[in-house]
Amino acid sequence: MYLALLVIFLHCSELYAQERVFTFNMVEIKVQPSVKVKNGAPMSIICHADISKKNDFQLSHNFTIFKDGKLVFMITSDKGEARYGIPVARSSDTGLYECAVEAGGKTKSSKSLHVWVTGLTKPILTAEKKEVLEGEVVKLRCELPEEASPLYFVFRKIKMNSKPNEKHVSESHRNFSTVEFSVEEEDNILHFDCLVRRLVNLELETSEPSNRTLVTVKEPFIKPTLKAKPSSNITEGDRIQLECSTVVARMHDIEIILQKNRTILNSVRDEKLLKYSAVATLEESGEYLCKVEQGRASKTTKLNVVVAELFPKPVLTASAIKLDENKELTLSCSISGFRKANFSILRKNSNGDIWFKNSRNLTMRVHVNDTGSYICKAEVKGIVKESKPVRINVYAPVSKPTLSVVSGLPEVVLGKPLQLICRSVMGTPPITFKFYKGNEIKKTVVNDTYAVFLDENIRRNDKGGYKCDARNDHSSGMKTSNILNITVIVPIRNASLGSNPYGEVEDGSDTAFLCSVKEGSWPIHFKIFKKTDHEVLLFEKSENADRILWRKEAMSRQDTGTYYCIASNRANVDVKSHPITISVVLAAWQKGVIAAFVLIPIAGAIALTLWWFLFKKKTAQRPSMEMSGSALATNLTSEKLTRQNNDGDYYSRSGYIEDGENHMKSTDENKGPDLESAEVEYTEVEVSTLDPHRAPVQKGTETVYSEIRKANNENTRAS
C-alpha cells in the first residue's frame, strides 16, 4: 500500500513540475516622472519583468535595484513589477540605475538607465561671531546637509559700494566647508554668504546663494592724525616737527610708526603720540606716513610736506678738464643770484673727500696724481649744498713703445699665429695703441699700458715690417716703436734616408747614410737611429743644410737591421723618414778563404781516392794486358773515334786520315805462349779540335797511338 502511495505522489509531483514552465521575455527599468528630475521633487524607479508561463500559476519574484553598481533597493513580490520611491530627490541621487529579477531559479537583468537630478539645495551659512574688532578674523561655515560630495564652495565677503571678496574651497569627501576672512581697516558693517557648485554630466550646476549673515566691526583705535609744525610748507634751514597721534580703546601692544619713502624715521610703543624733528632741507620734501598697529589691526594717515629752496646748488667750473702735467688749473665755484655763502673746494675720494681750500676760487699747478673728480660746497644757515663733480684728467706723455713677440723670440712657425705685445712704460692711461704690418694699420686698441695683437695670416715671405705707436691726450702726440723683423720658420717636410751601398753591404766595408728633407728652415737637426728592441741613436748633428751625410766604417754582421732618420728645426715638429733595411754579407776574399779551406781537403781526398783506385786497377790488369792487346787496342781506337764524331762536326787538316807506320815488335820474351805471335801497331791520326762555342774550326795535329796486338793465329788468317 505504501509503495502505491509513493508512486502516486511522485507521479503527481512530475505532473506539477511539468505544469510550472515559464521564461523571461524582458526585464526593463523606468523612472517617473522622467529621467531628468528637479532637485526636491519626488521620483520613482520602477523595475518591470515580462514573463511567459505555460499555465497560470503563482510565481514569486525577487527584485534588486542598483545605482552606480551599488545596491539601493531589494523586495520580493508575487507581482511582475517593483517600485523604488524617493520622496525628495537630491543631486546625490543622480546616477546610473539598473535592476535584476530572480524567479524560479532563473535571473535576468535590465539595461542601464541614467537619471539626472538637476539643481542643488540652498546652502546654509553660519558665522562664529556676530561682532568683531578690526584686525580679527571672521570664521564661516557653509553646508548642504542633504547633498553628497564632491562639492565646490564659494564664500563671499560683501561691503558697501565694493566688489565682493571671494574665497573658493573644494571638498572631495564632505558636504560642508569652513573659511576665515580677516577684518581690515574701514571694515564697518560686513555681509557674508556662500554658494555651492557641482559638476554633473560635464555641466556645472550652481546652487542659489545661502542666507546672508551680518557681522558688525568695532574699531580698537581711531585713525591716526599727522601734523607738521609750524606748517607743511617751510623753507630750507627751518626746523620742521611732525606729530602723529591716535585714540585707543585699550592701551596694550599698540605701536606708532613714522615713515618716508618706506624708510622708518621714528616709532613709539604703548603710547598715543609720536614726535619727529629735523632741520628742513630739499631732501625733506615728500610724503610722510603715520601708521598705528595693534595686533592684526592697522590704520594709516599721510601728509605731504613741501620744503622751499633757500639757495640753489653751487656750480663748479674749470679752466680745462684735460691738461698736461705741470700745467696750471683754475677752479671756480659760484651760486646763481647768491653770493653770501661759505665755499670750499674738494676732490672726491672713496676714503673721504680731500679738502683743498675754503674759497670760491682755486689755482694750482697739476701733476698726474691730481687727476680726479672735484666738487665745491656752499653753506648758508647751516644748509650745505654740493655741486656736481667735474672730472679733471692730468696726462704725462707716453714713452716710446716697445714691440716684441709674446713668446720671446722674434720668430713664428709658418701656419701658426703670431702674438705681438706693444708696451709703453710711461704715460697716463688710457693709451691708444696702433699696430702696423708694413704701412697697413691692422688693429687699434685702447688700454692702460700695453696692447696685444694677434696676426693669424702668416705667409712664407713675411719677414718684417711690424711696428706700433702709442699716444694719449698729452699734447706731445704720438710715439712709434722700432720696426720688428720676424723670422718665419718653415716646418720640416718629407724626411728620407738613403745609403750607399744600398741593401747588401760587405762585411768590413764602409756605408754612407744620407738623411735629407724636402723643405724646412735652417738649421736642421738630424738624427739617425737603428731600430732594435729599443731605439738606438747612432748619430746626430745640426746643419745649415737640407741634408747630412754620415759614414759608418767597418760594417759588421751586428750592423744588420733597420735604419731611419728624424729631422727637426725650431718649429719643434719631428719628421721621421721611412725605414731602410741593411744586410751585412761576407766579403769576396772571405768567401775565397772559406772555399780554400773547404775545397782543398775535398780535392785532396778525391785525388788520393782516384790514385788508389787506379793503382789497384793497374795492379790487377797487368797480367792480362798482353793477352788482350790486339782486341783491346782495336776497341780503344774505335771508341775514341766514335766519341769525337758524336761530339760535333769533324774536320781534318788534309781532309783524310793518314795511316802511320805499323811497328811490330816481338814480345816473345815477356809474354806467355799464347801471345808469342802478337804484334803492336801504332797509328798516327790527324784530328780537329772543336770550339766549345761552335766558332770556326781550329785545326791541329794530334797523334793517337793505339797498341794493336794481333795474335799469331789472326795474322795467319789475314795472310
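Even glycines carry a Cβ here, placed using N, Cα and C.
If you look up TrEMBL, you'll see 660-674 marked as compositional bias 'Basic and acidic residues'.
Residues or ranges marked as domain 'Ig-like' in TrEMBL: 220-306 (among others). In the predicted model, the domain 'Ig-like' (220-306) has a mean pLDDT of 86.
Here TrEMBL flags 312-391 (among others) as domain 'Ig-like'.
Annotation comment: TrEMBL describes 401-485 (among others) as domain 'Ig-like'. According to DSSP, the domain 'Ig-like' (401-485) comprises 0 helix, 43 strand, 42 coil.
Look at TrEMBL and you will find 491-583 (among others) tagged as domain 'Ig-like'.
Residues or ranges marked as region 'Disordered' by TrEMBL: 643-704.
TrEMBL lists 1-17 with the feature signal peptide.
Here TrEMBL flags 593-615 as transmembrane segment. Long-range contacts of the transmembrane segment (593-615) within its own chain (CB-CB distance under 8 A, at least 6 residues past either end) are made by residues 586.
In terms of DSSP secondary structure, the domain 'Ig-like' (491-583) contains 3 helix, 57 strand, 33 coil.
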